[in-house]
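According to TrEMBL, the features are:
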- 23-132: domain 'Plastocyanin-like' (DOMAIN)
- 143-317: domain 'Plastocyanin-like' (DOMAIN)
- 441-559: domain 'Plastocyanin-like' (DOMAIN)
Amino acid sequence: MASASGILPAQASSLWNLTVGHTRTTIDHKSLNAPCIGNAVPGPILRWKQGDTVSVSVTNTLKHEDTSIHWHGIRVPSDMDGVPGLSFDGIKPGDTFTYRFRVHQSGTYWYHSHSGMQEAQGLYGAIVIDPAHPDPNYCERDYVIVLSEWTDVSPMDMISNLKMQDDYYTFRQRTAASFPQDARAAKGAWAALKDRLAWSRMRMAATDISDVSGVIYTYLLNGHAPDMNWNGLFRPGERVRLRFINASSMTLFDVRIPGLEMLVVQADGNDVEPVPVDEFRIGVAETYDVIVCPQDNQAYTIFAQSEDRTGYARGTLAPRPGMIGTIPPMDPRPVRTMIDMGMGTMRPGETMGDMSMPGHDMASMDMPEMGSAHMHHMGSMPAPPLEVDDPGPPPLNVENQNVAIMPINRLDSPGDGLEHNGRRVLTYKQLRATRPGADPRPPTREIILHLTGNMERYIWGFNGRKYSESGPIRLKKGERVRFTLINDTMMEHPIHLHGLWSELENGQGAFRPYKHTIIAQPGSRLSYLVTADVAGTWAYHCHLMLHMDLGMFRTVIVE
């Protein structure tokens with residue numbers, strides 16, 4: 001396969017021609033006729049310059065399918081966003097569509113098809129936008145690292161299998177043989193037994209971490225399977241920038257480079273105050289830029305294990321081609337807890353009336369930044385009356401299997417499987433923008449949305465409803481709104497709002513990080529501010545492809 005080298009084009013260009021079509025290629029040592037952009041998986045790296053007007057002509061050579069390109073995280077006019085049925089009609093076989101827009105931002109982003117399941121089949125690539133002014137994060141070496149997956153199983157077959165059996169791709173279940181280990185973790189056999197009984201009553205599995213796993217996936221780094229060993233070169237003492245993009249369809253990755261500290265300098269294309277870490281979790285569609293400074297004449301492994309620990313992607317940073325770094329063992333498989341079910345710190349079998357709440361620890365409860373909806377925001381600026389659009393907890397029915405009784409703020413948690421692993425792991429709470437946000441106004445409206453689903457039937461939605469049963473969310477142009485997400489499910493959901501920035505309320509005050517995709521952890525509650533400054537119809541959805549396709553999708557209309 002013509003795998004991506006990860007090396008940026010020599011200079012930015014404002015004119016691009018992309019061809020979408022089937023190409024004979026080799027993926028995971030198998031020769032097949034795969035859909036590609038520009039004859040490669042990933043597609044070519046597009047390098048633009050902030051302030052330029054770019055023109056990208058996309059020609060569809062697929063014989064029987066429409067296609068499209070969505071510019072993920074890029075602020076574009078609505079008719080250039082690339083979502084068939086919302087922003088344009090799509091690109092018919094044999095046709096060419098030219099996207100043309102001004103580039104207002106800089107940083108690391110990506111593009112992908114928004115037609116059917118084409119993204120999962122390989123239609124994606126990286127975007128790097130050079131800043132108009134000197135880059136404070138300039139390094140001697142600069143590589144793009146695209147993480148993704150590959151499988152021969154069609155997405156429609158995956159859906160059929162998951163609807164037949166929700167843990168179809170989860171082979172590592174808890175057994176009688178694993179009970180002693182559970183008892184040690186629960187600090188007692190009785191507690192472990194109650195935990196298992198509680199999960200059984202809910203008809204769920206604590207080991208159900210990812211819907212689709214390494215049982216069928218091969219995890220790729222710049223199109224390379226783990227044994228193909230992608231190489232990025234450096235000279236000892238150089239600063240190396242790594243632009244990580246999670247272009248997978250269903251996999252969260254936990255990334256580390258044993259022996260090297262990583263300095264996180266960008267999140268979703270936006271500069272943040274540098275955070276030194278040993279590891280970070282990257283959700284589907286997120287991007288992180290990190291800087292490493294290898295001093296020794298040795299190879300280092302870029303190690304990205306799947307959240308469920310069923311496989312990994314990997315590559316090598318090395319002073320010479322062909323070197324191989326030591327590959328670390330994968331961490332133990334995570335196990336879900338009652339926190340993931342939205343029961344806070346409740347123990348299995350415990351009810352709300354049984355709980356003691358000494359001191360009512362407010363630190364563990366989620367409150368919008370600087371207070372509740374009726375408190376003042378933004379320092380001394382008086383808060384206007386806040387209109388709250390809250391449908392309340394959704395009913396339990398065939399489309400909603402669980403309601404989080406006590407959703408908590410988990411922004412200070414690195415995620416399931418990463419707690420107390422002896423490494424410094426990035427959390428959302430650590431992300432702090434390098435400059436105050438552009439809009440200092442407090443919100444005038446709060447929109448509360450429950451993320452819901454039924455694992456047994458494999459149905460997903462917002463507020464217990466599928467997309468087909470939900471109307472659009474309407475915003476007035478210029479309106480300042482708080483979106484509050486309550487995750488009633490036991491799964492992570494990377495939520496993406498097209499066209500508008502999401503300013504995560506993570507305790508950083510006016511220095512909230514700007515993101516285009518935010519992971520809602522299981523059983524959690526979080527909020528972010530949105531300024532509706534671009535008119536149009538925008539997609540709003542979970543970026544786990546199967547979740548989006550099966551109902552966790554809404555439209556936002558700014559008018």
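In case you wondered, yes, glycine gets a Cβ from its N, Cα and C as well.
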Can you count helix, strand and coil residues in the domain 'Plastocyanin-like' (441-559) using DSSP?
11 helix, 61 strand, 47 coil
Let's see if you can do this one: DSSP helix, strand and coil counts over the domain 'Plastocyanin-like' (23-132), in that order.
7 helix, 53 strand, 50 coil
Average model confidence [pLDDT] within the domain 'Plastocyanin-like' (143-317):
88
